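K.L.:
Copying in the features that Swiss-Prot gives for the protein in this structure:
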DOMAIN    29-301  domain 'CN hydrolase'
ACT_SITE  E69  active site, proton acceptor
ACT_SITE  K156  active site, proton donor
ACT_SITE  C190  active site, nucleophile
Amino acid sequence: MALVPTPAVNEGPLFAEVDMGDNSSTPTVRATVVQASTIFYDTPATLVKAERLLAEAASYGAQLVVFPEAFIGGYPRGSTFGVSIGNRTAKGKEEFRKYHASAIDVPGPEVDRLAAMAGKYKVYLVMGVIERDGYTLYCTVLFFDSQGHFLGKHRKIMPTALERIIWGFGDGSTIPVYDTPLGKIGAAICWENRMPLLRTAMYAKGIEIYCAPTADSRDVWQASMTHIALEGGCFVLSANQFCRRKDYPPPPEYVFSGTEEDLTPDSIVCAGGSVIISPSGAVLAGPNYVGEALISADLDLGEIARAKFDFDVVGHYARPEVLSLIVRDHAVSPVSFTSTSSKAESSPK
């Protein structure tokens with residue numbers, strides 16, 4: 001396989017593709033990961049940007065397009081939301097109000113618009129969003145088919161560190177793997193990908209195209225993505241934002257805690273690193289640390305069977321009589337209401 005660079009698109013991101021040659025005897029899927037920044041606190045403008053990027057990817061023949069974690073709604077990098085042990089500041093509460101206002105309801109008008117985009121450009125779409133459920137927010141991935149249907153969602157089950165003060169915890173009811181004409185598609189978000197039991201649950205559902213929207217641009221992230229591809233015998237598509245300080249509101253409205261004085265408008269605060277990896281652990285496209293980009297590869301689905309001949313983690317390489325996993329895949333609510341179907345009426349005597 002040879003990495004074939006495509007000339008840069010005017011006023012658009014770099015695009016790269018993998019040439020699979022003419023000898024593949026199995027179906028191929030052209031997949032694109034989007035590396036781009038949210039327009040922070042401006043969800044309508046971010047949706048416009050998402051459509052532009054989706055249209056560009058589709059023009060290159062993409063059948064599946066994966067966006068980064070929290071692309072709609074934004075990843076509040078560097079913010080503390082005014083929190084310390086035993087104290088929340090008024091400024092931090094106002095910051096949360098604005099962040100809450102930038103989130104989207106699922107279902108809701110923004111979901112309908114994303115579905116229409118997927119149908120318009122005839123692509124399967126995996127989109128990272130901040131979901132608003134009343135006054136609780138979730139870091140969520142939405143799935144859409146190429147006919148413009150909303151398939152469902154995955155809520156991040158374990159936010160990391162300070163994310164836990166702004167995002168709720170997903171439960172086992174939203175760990176889907178969708179059987180599509182392109183293959184079986186699912187997603188885990190950022191450091192969820194370091195949770196062996198969650199990965200095992202997805203492998204057990206037969207995942208073939210493993211999407212990993214993230215906010216981690218460190219070099220070590222690539223090792224995790226390669227490991228998952230080898231462990232699961234699946235394609236791994238990791239999409240991250242590429243952000244500069246100027247992509248966030250300026251101070252004092254938005255402050256990168258502890259580092260603001262060291263930043264210029266052009267300082268890189270998230271360097272991307274989006275990548276596509278094959279089931280054999282080969283890097284098909286990326287990682288890109290240069291700027292906003294569309295990163296694409298043609299996925300030879302025959303690679304999955306070839307990889308699983310060596311190692312099938314929930315098949316011939318499993319030992320269920322020694323090691324097994326229980327997944328509670330039902331929704332959990334803090335409040336349950338029960339009532340009788342009818343109330344007996346007493347007759348006056």
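Just so it is clear, glycine is given a Cβ too, placed from its N, Cα and C backbone atoms.
Could you tell me the structural context for the features on the list?
P.N.:
On the 0 to 100 pLDDT scale, the domain 'CN hydrolase' (29-301) averages 97 in the predicted structure.
All protein chains shown were included, and the count of other CB atoms within 10 Å of the CB of E69 (active site, proton acceptor) stands at 25.
Other Cβ atoms within 10 Å of the Cβ of K156 (active site, proton donor), summed over all protein chains shown, number 27.
The local packing around C190 (active site, nucleophile), expressed as other Cβ atoms within 10 Å of its Cβ over all shown chains, amounts to 25. C190 (active site, nucleophile) falls within a helical segment according to DSSP.
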K.L.:
In whole Å, how far does the CA atom of E69 (active site, proton acceptor) lie from that of C190 (active site, nucleophile)?
P.N.:
7
K.L.:
Could you round the CA separation between C190 (active site, nucleophile) and K156 (active site, proton donor) to a whole angstrom and send it over?
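P.N.:
For C190 (active site, nucleophile) versus K156 (active site, proton donor), the Cα atoms are 9 Å apart.
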